[in-house]
Amino acid sequence: MGTARIAPSLALLLCCPVLSSAYALVDADDVFTKEEQIFLLHRAQAQCDKLLKEVLHTAANIMESDKGWTPASTSGKPRKEKAPGKFYPESKENKDVPTGSRRRGRPCLPEWDNIVCWPLGAPGEVVAVPCPDYIYDFNHKGHAYRRCDRNGSWEVVPGHNRTWANYSECLKFMTNETREREVFDRLGMIYTVGYSMSLASLTVAVLILAYFRRLHCTRNYIHMHMFLSFMLRAASIFVKDAVLYSGFTLDEAERLTEEELHIIAQVPPPPAAAAVGYAGCRVAVTFFLYFLATNYYWILVEGLYLHSLIFMAFFSEKKYLWGFTIFGWGLPAVFVAVWVGVRATLANTGCWDLSSGHKKWIIQVPILASVVLNFILFINIIRVLATKLRETNAGRCDTRQQYRKLLRSTLVLVPLFGVHYTVFMALPYTEVSGTLWQIQMHYEMLFNSFQGFFVAIIYCFCNGEVQAEIRKSWSRWTLALDFKRKARSGSSSYSYGPMVSHTSVTNVGPRAGLSLPLSPRLLPATTNGHSQLPGHAKPGAPAIENETIPVTMTVPKDDGFLNGSCSGLDEEASGSARPPPLLQEEWETVM
């Protein structure tokens, strides 16, 4: 006989429920929660128990009157004879017991199997009931089937002490849709690859910025905080998935039989035991929400910092850095803590991984506010960039180059400001379906998971200052390695007085037994050491009026604002306005 297979989403739905002492009404929410599903199941059970009492009482009277039992169709018309071995669906349950008799015998008694309320079954007939609409993930156009044998008992699975039932049509919506399964597999692969690449690239970027001391400045400190928030967001997603779905794979869920589903749905665990069992997953979900919020707020900090550099005449970077740090890490902790308190007090059920009514807005409203504010800052900065480009190219005829620069600057700022969040911000994914839903999910999974990778590439690996430091470090390392290699091979270096050259492998010094006959053109030119001293004049040269020449020379100090250098960025001029070259490194990155 057939064996019912339960879909993954329903198994996960019923695997972690905790029934509270007092049921609340099902929230008019955009997400169907586990608690709401359990409430509907128990309400259906209560209605079924009431109906069973009435039907059993009527059936007992019929059997006592020796009128027997005959099945009736859902429309009240006589049912046609059916070919054996075929399933014939009915649109609703039989609620009235007919008095007409074509076939005598004891009927199969109605019962509640923790999923469906089964009606009386006629001997030798297949009973079909619609897939219940109170189970959210069922295919509500299908039917579930049972067979009543000629002895008045529900047919059992051979070799198993359980009732046979066929829920295949109810589960067809989830298990037999290969195309939908491929979509979910593809989405999972996209965000797994994206977050893995982001985590790896951001780790390298943070190590680079932390290793080179010349890169230590306010601008790069803020970059490092944002990189760290992306890393923690990716890591928390992987941890959350591992904790929530560690004991339940999709293949295992699909192998669950109808009997196992009944056991899952029967009695929820006690609240005390459930609280201990859910502690790990609740902590994982809480940290995931916190790091998600901090990531949004550090993206906002980047926008506020760049906006402040442009529009604030007096800007103390060191003082603002502390404020930005508290804002980026502290403010999300406040509203996440409020959400945890409300959830633990009013909706302390399950793993907290699904929304519970309108309590989700405690976290979503601050995040949406940061996205909107950052988008406003983005528009204002793009306006300033366009104005700067027009002023720079005033009097020139090549406007296409101007537009290309503006487009490039805009694309560079898009991942930094998280502009892609605004595309579907006003369209919740639960309100769309079909092709639009697939487009939205692929778009969000792609950009959200790869955003950290794009940010690391643009603001670290493609940064001219970072590349210069890496090249200098590489040159020093190769020179030191070359010097050690030559020292081990026995080579020595020739010297010109106190100076040593590391580029020669020939000993030119007057050492006995080791001198080589060299051409005069290959020998170093003889130099007069006095000619290198200050105040020395060649014989016959005109005398210098001022014979006092300073030993030290004044060299203009590099303020550090040019060429993207960090040196000097954090040196404030007391009481003076911010120097104009302060934006040079930002413009070079953006332009």
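Yeah, the Cβs are placed from backbone N, Cα and C, and that goes for glycine too.
For 27-188 (among others), the entry in Swiss-Prot reads topological domain 'Extracellular'.
Marked as disulfide bond by Swiss-Prot on the basis of similarity to another entry: CYS48-CYS117 (among others). The number of other CB atoms found within 10 A of the CB of CYS48 (disulfide bond), across every protein chain shown, is 20.
Marked as region 'Disordered' by Swiss-Prot: 67-104.
Residues or ranges marked as compositional bias 'Basic and acidic residues' in Swiss-Prot: 81-96.
Here Swiss-Prot flags CYS108-CYS148 (among others) as disulfide bond. Secondary structure at CYS148 (disulfide bond), as computed by DSSP, is strand.
Residues or ranges marked as disulfide bond in Swiss-Prot (evidence: similarity to another entry): CYS131-CYS170 (among others). Packing around CYS170 (disulfide bond) is summarised by its Cβ count: 29 other Cβ atoms lie within 10 angstroms of its Cβ, all protein chains included.
For ASN151 (among others), the entry in Swiss-Prot reads N-linked glycosylation site, with the evidence type sequence analysis. Other Cβ atoms within 10 Å of the Cβ of ASN151 (N-linked glycosylation site), summed over all protein chains shown, number 11.
The N-linked glycosylation site annotation in Swiss-Prot covers ASN161 (among others). A simple way to gauge crowding: the CB of ASN161 (N-linked glycosylation site) has 7 other CB atoms within 10 angstroms, across all the protein chains here.
Look at ASN166 (N-linked glycosylation site): DSSP puts it in a strand. If you look up Swiss-Prot, you'll see ASN166 (among others) marked as N-linked glycosylation site.
Here Swiss-Prot flags ASN176 (among others) as N-linked glycosylation site, drawing on sequence analysis.
The topological domain 'Extracellular' feature in Swiss-Prot is assigned to 240-282 (among others); the stated evidence is sequence analysis. In the predicted model, the topological domain 'Extracellular' (240-282) shows an average pLDDT of 57.
Taken from Swiss-Prot, the feature topological domain 'Extracellular' applies to 343-361 (among others).
According to Swiss-Prot, the topological domain 'Extracellular' annotation covers 429-440 (among others).
Take the disulfide-bonded residues CYS108, CYS117, CYS148: by the count of other Cβ atoms within 10 Å of each Cβ, the lowest one is CYS117. Nearest by CA distance to CYS108 (disulfide bond), out of the recorded positions CYS131, ASN151, ASN161, ASN166, CYS170, is ASN151. Around the Cβ of CYS131 (disulfide bond), a 10 Å sphere holds 21 further Cβ atoms from the protein chains shown. Nearest to ASN166 (N-linked glycosylation site) in space, judged by Cα atoms and limited to the recorded positions CYS117, CYS131, CYS148, ASN151, is CYS131.
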